[in-house]
Amino acid sequence: MIVLPRKYGKASRKCSRCGDHSALVRRYGLMLCRQCFRELAPKIGFKKYN
């Protein structure tokens, strides 16, 4: 059985840091899940405003 890579849908993209498929932040080409984004956001220049 040959398994082809996904071309569309949730399983076609994964977090570039941990490999998770859920809750991806794709904006600006980040490709990070939300947990990794929250850890890395201050280092990559994102600021939290109230």
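Each residue, glycine too, has its Cβ placed from N, Cα and C.
The Zn(2+) binding site annotation in Swiss-Prot covers C15, C18, C33, C36 and rests on sequence analysis.
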Apart from the site residues C15, C18, C33, C36, the 8 Å Cβ neighbourhood of the Zn(2+) centroid comprises K14, S16, R17, G19, D20, L24, L32, R34, Q35, F37
Of C15, C18, C33, C36, the binding-site residues given in the record, which has the fewest other CB atoms within 10 A of its CB?
C18
